[in-house]
Amino acid sequence: AHPAPHHSHVPAHSTVALIEDEPEDMDPWDMPELKDTGVPWSALDTKGKVLRVFVSVGKIVLLLGFLYMFICSLDILSSAFQLVGGKAAGDIFQDNSVLSNPLAGLVIGVLVTLLVQSSSTSSSIVVSMVSSGLLTVQVAVPIIMGTNIGTSVTNTLVATTQAGDRSTFRRAFAGATVHDFFNWLSVLVLLPLEVATGYLYEVTKLIIDSFKIESGEAPDLLNVITDPLTESIIQLDQSVISGIATGDPEARNKSLILKWCKTFTNTTLMNVTVPGPENCTSPTLCWVDGNYTFTLKNVSETYDVRKCTHLFVNVNLPDLAVGLILLALSLLVLCSCLVLIVKLLNSMLKGQVAAVIKKILNTDFPFPFGWVTGYIAILVGAAMTFVVQSSSVFTSAITPLVGIGVISIERAYPLSLGSNIGTTTTAILAAMASPGDTLANALQIALVHFLFNITGIVLWYPVPFTRIPIRLAKGLGSITAKYRWFAAVYIICCFFVLPLFVFSLSLAGWQVLVGVGVPILVLLIITLIINVLQKRKPGCLPAALRSWDFLPLWAHSLAPWDKVIGVITAKCCCCCKCCQVSSNDQEHGVQESAEKNKKVHTVYDNLAMSAEKEVEDEIKIELKILEMTRL
């Protein structure tokens, strides 16, 4: 009997296959040993010890400085996104007929959060719409779920800055996307549940009704330190986006850049002419004089008192131009700070220090209490996020640490879950500070967000078997380590193409959405089931389905796509005249790098190397092109 075909001759083509198809002798997910390259402390003389202390203190100060700049640049990035896409975000929210479809609501939440780069901003827009009566809380629930997904794109983008080294990139990308997978899986379960039972709405309504809540003041924590810098660069008028979303005609023509930081509104009772007696404020306050009708009315006039002092206050540029300038600058600062932070951490975390930190972060409690560690990590994640007031800042800060191997993915997962809870506590406090008439709605939406995350954690964390996001993230990490361009494909497809596709279908009506969506969904589910069976019980499947070999190679492997992208980048590179190396050097370099590449492939890509034996020569040529243009 012929045994079930093994996948050694085909590159792995499913996340399930990627989890276990690694070389036997070396697990790429093992934490790298952080080697001590310096002179031991005991071997230093007094001068050396003093110098070592000074250098260490200097590094810590620099690290805090870069971290401060990193957090400020994320803040400015959010402002830049609002300037570029804020009005569009307000417009997206205006189409109420589309919003009533839960799937469209979810996708709108994702898109708006991507446009304003802040889940707290997008959820505050939702709150203002609910309190102005444009949305009901039930309709707002899926939008809040969407904001949760949209906010996890930031740390995925941060992970792509570490694409230089394969093993670092594998860990960093998996550490970032574990957050994405948690959000997507939670939505997959809780959105249908919410549509069927209204679970989140009913429970939060019960909580709101049973408590008598007084409005208070939300605390400013990290903002106290970062605001002086960010407000000296740009200040935005947050009421404009909410105004567009709630349909205020004046808001559309207003600039988002705040010009006057202090205004004074004076309300006076004065005589006003109105078209007719029916327009009077009350019959007693109505006078008719010839063709004119007078009434007493409160008239508010706003006087500008003090101008703002930020950089763009007197700049006569449109919002879009200012937004693009800030976007470019903040991305530049963000990326350079990240690179410098990683370099500093790499130089600081060597030897004893690293061993201690690594041990503290990744060691479990002794035997009977081992399970407690994860929950403490969730609490730590929540507390840290509460302090920095933003989940994207916290998750973006731990992503490089996962990359250099200080935090394991298994530990980064509960920390990310904690950050999800931390960001909702911030929202609850912000809701508490809202005025009396909007308080109940604002608080209910914040509690929906909180309950969504808690339920997600209950689904995907307590039982080790249910920690599917870790397995999926590791699978994706392995794919992106092998084919680095796949990271960009993942980000574009998951956060832009898919939401826009669903949004455009929902604009066409729910019949179209069901007609197109259901067959695609069924196809995906069948493919997933076959993949799992191929891995676990190939005997159950008919002979043809035991591997995907019956499909053309491009349909079940990324290797041909890799070659295509290699050729395209080679052509682009030649256009940019970066191939102007002397021919001798080039040949010598290509030979060396082809050998290197073979070594790399034996460690990570042994599957890809053994694929397509019959076109080995072609692969060699492609490798040369690839090596000449190695990113």
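Including glycine, each Cβ sits where the backbone N, Cα and C put it.
TrEMBL does not curate its annotations; it predicts them automatically.
Transmembrane segment is the annotation TrEMBL gives to one range among 139-160, 205-226, 535-556, and that range is 139-160. Range annotated as transmembrane segment by TrEMBL, chosen from 417-436, 557-576: 417-436. Of the two recorded stretches, the transmembrane segment (139-160) does not lie close to the transmembrane segment (508-533), with fewer than three CB pairs under 8 Å once pairs fewer than 6 apart in sequence are set aside. Listed stretches 98-119, 365-387, 393-410, 442-463 were compared with the transmembrane segment (181-201); the greatest number of C-beta pairs under 8 angstroms is found for 442-463. Across the candidate stretches 53-77, 98-119, 320-345, 393-410, 442-463, the maximum count of CB pairs under 8 A to the transmembrane segment (508-533) is reached by 98-119.
In this chain, the transmembrane segment (53-77) lies close to the transmembrane segment (393-410): three or more C-beta pairs between them fall below 8 angstroms, excluding pairs fewer than 6 positions apart.
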